[in-house]
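Before any comments, here is the structure.
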Amino acid sequence: MRWAVIVFPGSNCDDDAVAAITRATGDEVVKVWHQERDLRPYDAIVLPGGFSYGDYLRCGAIARFSPVMAAVRAEAEAGKLVLGICNGFQILTEAGLLPGALVRNHHLQFRCEMAELVVENDRSPFTSLYRRGERVRIPIAHGEGRYIADEAVLDELARAGRIAFTYAADVNGSARRIAGVLNERGNVLGLMPHPERAVAAWMGSEDGLRMFAAIHRAVEEGVHVG
Amino acid sequence: MATWKAQVRVWLKPSVFDPQGRAVEQALHSLGYTGVGEVRIGKYMELRLEAASEAEAAAQVRAMCDAVLVNPVMETYAFSLEPWAKDARAEASA
């Protein structure tokens, strides 16, 4: 299978994502500039972390209008797997591909540290190699990662199993400690923690490997989502 | 076609906790302004636009706010319009 890692002006975790995917899967990974309009040649799409467009106006607000985003939307609608990490998550919420929004952490600090997450859903193509209730260590690095949404939306996310990960401890004030959410169909995942930074023992954790391996497995086995 | 100046204010919805506002409020309290509360930090944007009438200008501003300037999940906004003064920029920088 072939992965696309989208590069926006200001993305800075794109090389890390490529290295992590390569290490976890051995698959072909292509960095795709945000001016590209066709993502049909790719089987999975990653929107990496960083500070696209300098976080001007709001995090992800300008990147959402990049030409590539129409293609991301089209491939998501076609059922392909789309993973948004950190700034990628912010872009997906701004684009309306995921519900809610990410706002300034309640303590106003930029937190760059290892975080313990709780796997809330192990039945998605992104999380099938984890076990529900399992605690995994995946680092965070964000100043604006506090997830918010209307209560009705939060209730629906919880009811439908669309909360993929929560924080074991309250690291940023997120509603219901949400760290990652799925779209309704289950083929788009956004999360603030960085799985690409947890793929080797020397990084302090290898727990991120299984996310990329799970995506690989879902695509290779032709799991139909939705 | 007339030229208008729009002044847009954007701030977090009342339901969204504003930690910046809280920090500033505490700073004000420590300065002795103990009666101050409900501090909210927002953004101010200013733009020039062409429209035949004030109503049309307002419709344009509203559309721009809904499309990009404001994220309704987290923010709310208000704006005002006035005819664009030719030397507005010179005045602003004076």
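Here, residue 1 is simply the first one shown, and the rest follow in order.
Glycine is treated like the rest: Cβ placed from N, Cα and C.
Per TrEMBL, the feature active site, nucleophile maps to A:Cys86. Positions annotated as active site by TrEMBL: A:His194, A:Glu196.
A:His194 (active site) counts 25 other C-beta atoms within 10 Å of its own C-beta, drawing on all protein chains shown. In this structure, A:His194 (active site) belongs to neither helix nor strand by DSSP; it is coil.
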